[in-house]
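Enquirer: Among the features that TrEMBL reports, transmembrane segment is placed at 26-50, 59-81, 101-120, 140-158, 197-221, 242-260, 272-293. Marked as domain 'G-protein coupled receptors family 1 profile' by TrEMBL: 40-290.
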Amino acid sequence: MLGNYSSATEFYLLGFPGSEDLHHNLFATFCFFYLVTLMGNMVIITVVCVDRRLQSPMYFFLVHLSVLEILVTTIVVPVMLWGLLLPGMQTISLTGCVVQLFLYFAVGTTEFTFLGAMAVDRYVAVCDPLRYNIIMTSRICNSVVIVSWVFGFLFQIWPVYATFQLTYCKSNVVNNFFCDRGQLFKLSCNDTIFTEFILFLMAIFVLFGSLIPTIVSYTYIISTILKIPSASGRRKAFSTCASHFTCVVIGYGSCLFLYVKPKQTQVAEYNRVVSLMVSVVTPFLNPFIFTLCNDKVIQVLRDGMKHCCQLFRH
């Protein structure tokens, strides 16, 4: 416990409760998830950059989404893995906590902006294919990328600043495996109701600001696909959107449960589970979603494997 008028200069991450054996099992599991996430997203980035068949706006955005997935899991998972190996609670400095929280939310905000942009891209591809190359020019795509990255990082400056303007005098033990804002609010001796409400409105703006164009785009996409007379045509049209749609459902679903609520200080166990979904499970699943649900990527990977096998034979 801290004195009534002192504020924490470092925090202790409580991590996961349980025995040392459980921690070792969790370490092995999350380490596996992390390595597969890195390799899967790196494969996507490499394949898109190398193969000319994937030189289109959709895959251009996918490369940036894969970079974001690598970043969001790298911001959290290495710290979590190190904590699982330590015998006690893990220490993180106030500066380290600020940096981790800022990067975590900035990357997350940027990712949702990209998901909204990718939905609009799929709308143009399916509903107005003849003008797709005219609308989705390289200039437009580069502008979308720059705006998404800049917006994501600038948008999170004030929320993180406001969070660490609070005085943390109740305790310096964070009941999570990373610097979770909801748990930080529980440690503050200030009245956080107004700050939490503003952050709630900002979360609403980010999530629904990108979700609304996604819903509108997919409403038109589904309507257009249903009008295609042949089953093979419908399947081909849907296959170009299936991976993005699945990613949207998982990404928005977990984040709506975690961040869009007026009260940030909910039950720690619930917060820990949903945080794992956002920072570990979703980045782990996305490479599989964007390969297994996309016929063109599957074909490119098959051709790449065949080419590698031919090289080894010679």
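Each residue, glycine too, has its Cβ placed from N, Cα and C.
I would like each feature placed in context: is it buried or exposed, what are its neighbours, and how far apart are things?
Expert: Counting residues 6+ beyond its ends, the transmembrane segment (26-50) has Cβ neighbours under 8 Å at 16, 18, 59-60, 62-63, 66-67, 69-70, 73-74, 77-78, 80-81, 84-85, 280-281, 283-284, 286-288, 290-291, 297, 300-301, 304 in the same chain.
Same-chain neighbours of the transmembrane segment (101-120): 58, 61-62, 64-65, 68-69, 71-72, 75-76, 144, 147-149, 151-153, 155-157, 159-160, 163, 178-179, 181, 184, 206-207, 209-211, 213-214, 217-218, 244, 247-248, 251-252, 255, 278-279, counting only residues six or more beyond its ends whose CB sits under 8 Å from a CB of the stretch.
Under 8 Å from some Cβ of the transmembrane segment (140-158) lie the Cβ atoms of residues 57, 60-61, 64, 102, 105-111, 113-114, 117, 202, 206, all in the same chain and six or more residues away from its ends.
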